[in-house]
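Worksheet for the structure shown next.
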Amino acid sequence: MMKCLLIATGQHVPTWVAQGFAEYHRRLSYWLPLELVEIEPSMRGKNHDPQRAIEDEGRRVMAALPKQPYAVTLDVKGKPLNSEQLAQRMEHWRGLGRNLVFLIGGPEGHSQEVLNISNERWSLGPLTLPHMLVRLIVVEQLYRAATILTNHPYHRGK
């Protein structure tokens, strides 16, 4: 059976993000079991080195990956998808028979190593979003894609 992971850099999300994530995670679990793996972020202080933080977090992400994953990296330079396109991608990903992994980076983004192993890059658009909020948006969009594929009334379309 395909394993689906959401690997997100960051811990201690605001309560409202955790509650929203839990709700959509519960709804999605009937169609696609998803496991959240939280990666410890690098320390950010007065002498913060952004590149070092990206590399440290990247190593932790790489260590959390299952064998031979199909990695979809959330990246501002990725391909933007509308809800129907995401549903089509979900159908494709499910048919691959590989472990599916969604990767959410920290405040500075992903290491080059993480970007290099990505099979696809998905952009939520040109907006700058708090990385903690992205996990909620992703799980809601995955749920929406599932409802499109199952003709559930949650997604009313155009």
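All residue numbers here begin at 1 and follow the chain in the order shown.
Placement of Cβ uses the backbone N, Cα and C atoms for every residue, glycine included.
Values in this document were obtained by computation on a predicted structure and should not be read as measured data.
Swiss-Prot annotations:
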BINDING   Leu74, Gly105, Leu124, Gly125, Pro126, Leu127, Thr128, Leu129  S-adenosyl-L-methionine binding site
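With the fewest other C-beta atoms within 10 Å around its C-beta, Pro126 stands out among the binding-site residues Gly105, Pro126. Neighbour counts of Cβ atoms within 10 Å were compared for the binding-site residues Leu74, Leu124, Leu127, Leu129, and the top value is held by Leu74. Pairwise Cα distances among Leu74, Gly105, Leu124, Gly125, Pro126, Leu127, Thr128, Leu129, the recorded S-adenosyl-L-methionine-binding residues, top out at 16 Å. Taking a C-beta cut-off of under 8 angstroms and a sequence separation of 6 or more, Gly125 (S-adenosyl-L-methionine binding site) has the following same-chain neighbours: Pro80.
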